[in-house]
Amino acid sequence: MLVSIIFIPIGVASLYASRDVVEIIDRYETDCLPENSRSNKDQKVQYIQGPGNKTCSRTIRVPKHMKKPIYVYYQLDNFYQNHRRYVKSRSDEQLRKNSSASDVDACKPEDNGVNGLPIVPCGLIAWSLFNDTYTFSRNSQKLVVNKKGISWKSDREHKFGKDVYPKNFQNGTLRGGKLLDSSIPLSEQEDLIVWMRTAALPTFRKLYGKIEEDLQPNDVIQVILENNYNTYSFSGKKKLVLSTTSWLGGKNDFLGIAYLTVGGLCFFLAVAFTVVYLVKPRQLGDPSYLSWNRNPGGH
Amino acid sequence: MVRGRIRARLRRSHLYTFSCMRPAPSVTEGPNPVQGAGFSRTVFCNQSLLHKKKPFKYSSNSISTTKYNPLTFFPKALFEQFRRVANLYFLLAALLSLTPVSPFTPVSMIAPLAFVVGLSMAKEALEDWRRFLQDMKINLRKVKVHVGDGVFRYRAWRKVQVGDVIKVEKDQFFPADLLLLSSSYEDGICYVETMNLDGETNLKVKRSLEVTLPLEDDGTFKDFTGKIQCEDPNPNLYTFVGNLEYDRQVYPLDPMQILLRDSKLRNTTYVYGVVVFTGHDSKVMQNSTNSPSKRSRVEQKMDYIIYLLFTLLVVISLVSSIGFAFKTKNDMPDMWYLRPDDDTDDMYNPKKSAVSGLIHLVTALILYGYLIPISLYVSIEVVKVLQASFINKDIHMYDEETGNTANARTSNLNEELGQVDTILSDKTGTLTCNQMDFLKCSIAGISYGTRASEVELAAAKQMAMDLGEQADDFSNFPMHKDKKASEIELETVVTTNNDRRTAIKGFSFEDTRLMNGNWMKEPNNDVLLMFFRVLSVCQTAIPELNEETGTYTYEAESPDEGAFLVAAREFGFEFYKRTQSSVIVREKYNSSGKPVEREYKILNVLDFTSKRKRMSVIVQDEDGQILVFAKGADSIMFERLAKNGRVYEEATTKHLNEYGENGLRTLALVFKKLEESEYSAWNNEFQKAKTSIGADRDVMLEQASDMMEKDFILLGATAVEDKLQSGVPQCIDKLAQAGLKIWVLTGDKMETAINIGYSCSLLRQGMKQICISATNSDALAQESKEAVKENILNQITNGSQMVKLEKDPHAAFALIIDGKTLTYALEDDMKHVFLGLAVDCASVICCRVSPRQKALVTRLVKEGTGRITLAIGDGANDVGMIQEADIGVGISGVEGMQAVMASDFSISQFRFLERLLVVHGHWCYKRIAQMICYFFYKNIAFGLTLFYFEAYTGFSGQSMYDDLYMLSFNVILTSLPVISLGVFEQDVSSEVCLQFPALYQQGAKNLFFDWRRILGWIGNGVYASLIIFFLNILILYHQAFRVGGETADMTVMGTTMFTCIIWVVNSQIALTMSHFTWIQHVLVWSSIGMWYLLLLLYGLASPSYSGNAHKLLIEALAPAPIFWASSLLVTVTCNLPYFAHISYQRCFNPMDHHIIQEIKYYKKDVEDQHMWTRERSKARQETKIGFTARVDAKIRHLRGRLQKKHSSMGGTQNTVPAL
């Protein structure tokens, strides 16, 4: 009973918070392919791996008022960032200190570049960095996407060195994801920092940036995106997500529903037990329930 | 000393007529044939130097009972450790963790294993060290050894060698098996106490060869040499075959000349002997078997659960590896970000997916290893050691007399104590103190002695209580006054006995009519006089003056005899001197008023044997009158009364029955007068029989004594209480109420055993006794073995038939069987029939059993019934039984340490067994059972989340949790609460346990560790793991998990989930516990607190250690409400079914302890005393043995009588019946 009294309000509150969040999702991986490349996987992969301009333009309509900050996420699907081979393929020491640049044992097969020198940042995670880009404009007026502060502060300060610059990165025969500007220290490469926090599930969102402006209902937003990242090989979806947050974070009704369910269940049980107790009370400490009284002649 | 010397010079042969008669000169028999296999041992007497080298080098006299020595300790102990499947698995996992296959770092695998194994081995080492110290204590005992030239020096036992001549002094133990050469007595007799070998306290006589008699002082050994040829070392205590070659003559040796190690020299100043068997060759050591390492049933069952989990582990590992292989083969080539083109690593090679799959199987086996709780063994061990220390420190099991506490010598079996079904008990020293108290007598048809026996006392108390309870039933019953009267009567019995003193050992008689010479004023004082004379003369004891008090004490063959003499002394007939041929008694009260010394010339002694059940002395008093004094079992003696000697028969019989019912040992005392001529005629016969040679000598002697022992005149009877150890009947009663079966296995003779059965309420009047015994020993020799077997089988089947046909539900059967019969009954084809009968009987008494048979019976019960057996004993003769039983309990403090050394638990009094079982056993069982269940629960709840996560990672073997979390899960975060559960949990307090012995049945029935319960817990674990995993996954899906817009990465998800696990398992244990003290509160809640602290500290550590967990708590989780909200939600959801289950159980199907908890909680027991006592009495199991049963039977009997009276009175309701 007590539990249900506590749980139901929590459930209502979190549900309310979740409902408050405005979320816009735009799936674009197929739409951004040219018509003639959409028919099968090989064509898709060929297109994405081929040279040429992959710019794509999307239009998004804002359904409700969105209060700043509005978070811009990219969402990947069927991407196993949690695969053991992937997760282990990094060198925290190397990311942190310039002096540990050659600490690449864990990074195979992205440990040393073609020239035999260690890659900084090494490993599969960094190598496969997401490289689609988005630019937003409202009524042909550019919306600034703030890419600062999208990663954890502690990561920037303690885990990615200010004196560590990308070296030998993506200079192999096989190119993975994004190229890094070798003049910017890793601690300021926030896209990388966010990416290096491997996701727990194969479907995940990562923060791209923040729009520090309110969006009004029925605003139409033009998105110019560069569709570079290959998710076509593994048939992964790509989505662009714009979302506000509440005190509970993003939009997810589950927590509220779960609280309500459990609270309701507790309530039901409490009522059931009370009813049963009223209908067929058992006096506490009633000796007639002792086993030797229930079935005479011993057990 | 002077007196001792005189005694030593007594020609003892006069006293001992049958047993000690020298056999016909040995020359006629010739040497024993001791050639060939099995008879290779040669001992060169007094030439121990010859035994220094082969082929006569025999084992040294130092003994070792340790399991390990410094060299073998490591390999052996390690081997022992890795015999546990789980440990072996973890060893393999630890080895594999050194390869890249492992999902974890090597340290996180090896450290817990090393800790667990190290701790267990340290415990082993400590236990073995204790054993070593004990051995050393024995090895370093000193004994006088002949060092040459007739000089004897003290030497440590371990240095004694075969061939050494040794001088053992009074009350010393023999250091090895010795050949007796001579003793301080002229005829080479010595007295030996073999308590440690067979548990019998009466002294045994050993006799040296005639030829070695002259070797009677130190000097004579200067030139002594001899050669012994004898059998090889063997465990047979009662045989010895060998020859002594001395002075170019060969003499045969038999067991009479062998003094066995660990027996004690008594009543003899010194003996000389040659060492024949040393150390481990000695018979007693050969008899000792290696103490088997015992494991409790709960632990054995635990192994099955571990196997079950292993199966689960293998199954999910297979699922994972197959999934992985498919994923690698089909999907991985497309996952460019994993660089599938790089095929240097077989672990992730899509082209060799089968190989990858196989490698992954190993990985998965290690990954899911958390299903198997590594810390389970070590936690259980820690818990058991703590439980054991509780047992050791229990003040209620502290014996003030000896200063001994209970001692759990191995802590492996604590929970087994709560599941015992059958108790096999030794008698002497365990149930009884082996001390007889003269309590009552019936002389000339009048019963004397007002003190009640223990049985009477307890019965009276119980009846007073029960009658009080039944007051309601009786209130409208015309017998009201009668009830009152009986109550008063009972009360007087109780009160008079409250101030029971034990001023004189062996004498508890109290009756002013006989004391202080008052007997002379009694009407039949001539009969009384004769009675006391028989008491003081008809014996074979030796008086000893206690210099301090000036009184005489007696060294008697049996404690009964001692009690008689003490009684006679107190009545004024003090036996104070025994000469070679006479007994002198000082009669304090005499018609003349002055003490008179009377000398009785002893003409013949007809010994007491268990077959004859009587003893007689033929004496001539100072007036020349020849008298025959005899005492014996009433059944035998009543047959042998003269026609004119039956005056008091009826009254005496009645008294004898009463005494018997009250648990007393009775003997009838008779006498007759003999004419000179009559005697001399008989004596001629007797002497002829005595000197005859050959097989029929015994028969002739028998006939001769039969002729004498008839036409007696009955004087009266004695009743002696075989003093039980304090609290024994009560304890047996409680144990019986707790539903335990009690078997008594004793080396004593049948009558004694039965008597004890009566006095400790294992037997009672009205119980149907099924006595099974081989017809008799003579027949045994003649009839073929088959016939005897047939006979016994018949008896057994008859018995079973009888039990089956019995209709009366209150009828109880007792099975009494003797050792000889048992040899047959224990044979393979018969033992199950025997067991079947024994199980149907309320009590079983086995008498005359050898130590080996004790062990065999124990094994039979253990294996035949499949129940848990507990053996309790105090002497070395119980060692086999103690080791064989599931639990061995040794009684410490009285005699010897062998039983204690072999036991698993030692207590100083039998009565502590009650507390040990009913309180500690009950608790320990519940604790361990709950603890193990919980352990599996928590590890399943944790381990399975790893598996579910695999499905999301393409079965790649990635764990969601940081290595540190995994490492600390079992060790820091969840171990202490479960240990506190194992140590402190108690469902009901100890008083309630004792008041409701029926609660013990919960253990014996294994209610808390049956498969239903175990599977319930496992199911609960699976449920919890599902809830924890999927709720978290859904809550922390892909959206931002906090206001700052960050999404949950693997670390956040893992940590949140882990937090939930910690909350769930710790709240679960809080729900499980019913006994909360501040310790539990602190431990449970601090475990949760510890997790946050750990997380905080880990976050503060440099990122090179903490990796992604750096500053996790402060920065990411703590400010996110969703983190806290999910903990709360998951915790409640996980515990909801368990909560509902226990609520349901409490409401509709409460168990006994629940109700009692409630009664206690609401203080109902205080408010409603009546209900409380009623329930207490109802809680007793329907027992057929014990006091309660005895009292019940008595009440039934009385009620039956009342009913009859009532009906016969018809309508005369208003007349007050006089009763």
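Backbone N, Cα and C define each Cβ position, glycine as well.
Quick look at what TrEMBL lists:
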- B:Asp426: active site, 4-aspartylphosphate intermediate (ACT_SITE)
- B:Asp426, B:Lys427, B:Thr428, B:Glu561, B:Phe608, B:Lys631, B:Arg665, B:Thr746, B:Gly747, B:Asp748, B:Arg848, B:Lys854, B:Asn877, B:Asp878: ATP binding site (BINDING)
- B:Asp426, B:Thr428, B:Asp874, B:Asp878: Mg(2+) binding site (BINDING)
- B:43-110: domain 'P-type ATPase N-terminal' (DOMAIN)
- B:900-1150: domain 'P-type ATPase C-terminal' (DOMAIN)
- B:304-326: transmembrane segment (TRANSMEM)
- B:357-380: transmembrane segment (TRANSMEM)
- B:935-952: transmembrane segment (TRANSMEM)
- B:964-984: transmembrane segment (TRANSMEM)
- B:1014-1038: transmembrane segment (TRANSMEM)
- B:1050-1070: transmembrane segment (TRANSMEM)
- B:1082-1101: transmembrane segment (TRANSMEM)
- B:1121-1140: transmembrane segment (TRANSMEM)
Local confidence of the prediction over the domain 'P-type ATPase N-terminal' (B:43-110), expressed as mean pLDDT: 80
DSSP-derived helix, strand and coil totals, residue by residue, for the domain 'P-type ATPase N-terminal' (B:43-110): 35 helix, 3 strand, 30 coil
B:Asp878 (Mg(2+) binding site) as reference: those recorded positions from B:Asp426, B:Phe608, B:Arg665, B:Arg848 with C-alpha within 10 Å of it: B:Asp426
Those recorded positions listed as B:Asp426, B:Asp874, B:Asp878, and which of them has the most Cβ atoms within 10 Å of its own Cβ: B:Asp878
Cα-nearest neighbour of B:Asp874 (Mg(2+) binding site) within the listed binding-site residues, B:Thr428, B:Phe608, B:Arg665: B:Thr428
Count of other CB atoms lying within 10 Å of the CB belonging to B:Arg665 (ATP binding site): 23
Cβ atoms near B:Phe608 (ATP binding site) (within 10 Å, other residues, all chains): 22
Euclidean distance between Cα atoms of B:Asp426 (active site, 4-aspartylphosphate intermediate) and B:Arg848 (ATP binding site), Å: 11
Residue among binding-site residues B:Thr428, B:Gly747, B:Arg848 with least C-beta crowding, 10 angstrom cut-off: B:Arg848
Neighbour count (Cβ, 10 Å) for B:Asn877 (ATP binding site): 30
For B:Asp878 (Mg(2+) binding site), the three-state class that DSSP assigns: helix
Length of the line joining the Cα atoms of B:Arg665 (ATP binding site) and B:Asp426 (active site, 4-aspartylphosphate intermediate), in Å: 19
Binding-site residues near the residue listed as 'active site, 4-aspartylphosphate intermediate' (Cα-Cα within 10 Å), from B:Phe608, B:Gly747, B:Asn877: B:Gly747, B:Asn877
